[in-house]
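Before any comments, here is the structure.
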Amino acid sequence: MATIHVAHMSFVFGLLGNIVSFLVYLAPSPTFYRICKRKSTEEFQSLPYSVALFSAMLTLYYAFLKTSALLLITINCIGIAIESIYLAMYMIYAPGRAKIYTAKLLTLFNVGFFGLIMLFTSPIRESSLRLTAVGWICAIVSVCVYASPLSVMRLVIRTKSVEFMPLSLSFSLTICAIMWFFYGLLIKDFFIAAPNILGFGFGTAQMILYTIYKDKKKDILPEFKLQDVPNGTAENGKTEKTETLNETKDSTVK
């Protein structure tokens, strides 16, 4: 009975993990709608999508080596499809240099690294040893993926603005980490459970930062603040403000 109960619980957490992960995969869709509408990638980078595609491919390889890992297979197949669509759209509208950079990333991660992993692990005859080797690689890559929000958190602290760290995404990533942690724990898979502890920690930290800085507006830098303008006519006041701002900008450029 206990075994059946654990199996049911692991299925529930795995299914919820699939649902939340699917929503996380869809989170960048407004960005790509904007890219298609404007026919430009603007300042958006392709690195996160290349890494996400590599991570999904690697986890899918790990899932195929396991037995009874259908829930891992389904979500990573979906992830590969969605990330491939994102990257295809990016390549269509990206300028020349960005296309070359993206092509290099895909060659490095999805052909080079992934190919080397398969090359060195496939000859391992003992299935449990091969599964352990791929599991460690998956865990390391997952830790790197979960550590990527550190740059965004640093930006929030430096600018005191949560503009580039939406609460919905941070919350979804935290819930996703919780679901996959319990799924890995219930099926006794260290390589799935352990990295999600870090994911939960970073997600919680992001939500705490959001709570701290959500009502704070970024102060204008001192060098761009206007000097106090003496009382006078409206026209003189406007002129003095303009001159002061121009002088400030000129001194900043110099």
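In case you wondered, yes, glycine gets a Cβ from its N, Cα and C as well.
Residues or ranges marked as compositional bias 'Basic and acidic residues' by TrEMBL: 237-254. Per TrEMBL, region 'Disordered' is recorded for 228-254. Residues or ranges marked as transmembrane segment in TrEMBL: 6-26, 47-64, 70-93, 105-121, 133-152, 164-186, 192-213.
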Stretch in 6-26, 70-93, 105-121, 164-186, 192-213 most in contact with the transmembrane segment (47-64), if contact is a CB pair under 8 A: 70-93
The transmembrane segment (105-121) touching the transmembrane segment (164-186) per 3+ Cβ pairs under 8 Å rule: no
Positions whose Cβ lies under 8 angstroms from the transmembrane segment (192-213), at least six residues beyond its ends: 72, 139, 142-143, 146-147, 149-150, 152-153, 156-157, 160-162, 165, 167, 170-171, 173-174, 176-178, 180-185
